[in-house]
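Noted in TrEMBL for the protein shown:
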type     : residues : note
DOMAIN   : 131-264  : domain 'Fatty acid hydroxylase'
TRANSMEM : 38-62    : transmembrane segment
TRANSMEM : 83-105   : transmembrane segment
TRANSMEM : 125-146  : transmembrane segment
Amino acid sequence: SFGELAFQILPSKTSDRLLQPLWDYLLFHHLPLISSPLFPVLLAFSSYFFFSIPFAILDLLGEKVPSLYQYKIQPQRQPTLRMMAKSFFTALFNHFFFVLPAVIIGTLILPAPTMPQEAPTPYEVLIDGLATLLLFDTQYYIWHFIHHKHPQLYRYVHAIHHEYAAPFSWSTEHLSIPELMTVGLWSNQDPIFLKCHPMTTWCTTVFSIWMSVEDHVGYDLPWTLNHLVPFGLLGGAPAHDMHHQKPSSNFAPFFSHWDIIFGTAVPLKKKLR
Ligand SMILES: [Zn+2]
Ligand SMILES: [Zn+2]
């Protein structure tokens, strides 16, 4: 029949995968943007910006929003506008003068990334994304532990992040240049090492930044991921806030298994109000 003939003549679709229409749209309309080596940096910094803004507003309102302020972990320590501006501009400065040049140098050395025609399956996004997060979590756990045990490394590389004992959203990327470059390198290389689809990589980038911001919001909100994911698999704000109060505890950024295995897990002290 004509229908069968048309089916044979028409070029076969790349796939019937759920994410294929979205992937095709990105390839056809935004290829220069998504294949630019600057895209991951842009994506990372803009997600950081948009995820942090609501919490920065919450920090400025403070006690004026009692329904949320009741969840503040260290109510006696409220960040000032000056502290927020300092952290934000530190991150902006470091991205502009260090991350961007490193990426530009990288494009001159490394081969240009190729965009596959086929979209990933949602299952691939989930499994490869989880593998990337687990690998990063392990790398950062080891790095973080070493940088707290070695006095010189702590002083010159990690101490900047501990300037504030009570974290707030903009303090997430209050990092020294070597620390930012290290986490940036892992974020870039881990998905390549694990052969992730670009779409998986971007989803993982955005998701990991959301988790890093959640770690630092300074509020133990009942709907954050550490409360939604069962069995305390994720540390979230309670664990990381405790790390800023008691820096020899809770070294993992996302998951809690390494801290439990190595005996560095310390639960958040119940606040006395
Ligand atoms: Zn921190
Ligand atoms: Zn630390």
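Counting starts with 1 at the first residue shown.
Quick reminder: no glycine exception, Cβ is built from N, Cα and C everywhere.
Any TrEMBL annotation is an automated prediction that lacks curation.
Averaged across the domain 'Fatty acid hydroxylase' (131-264), pLDDT for the predicted model comes to 96. DSSP states for the domain 'Fatty acid hydroxylase' (131-264), grouped as helix (H, G, I), strand (E, B) and coil, give 92 helix, 3 strand, 39 coil.
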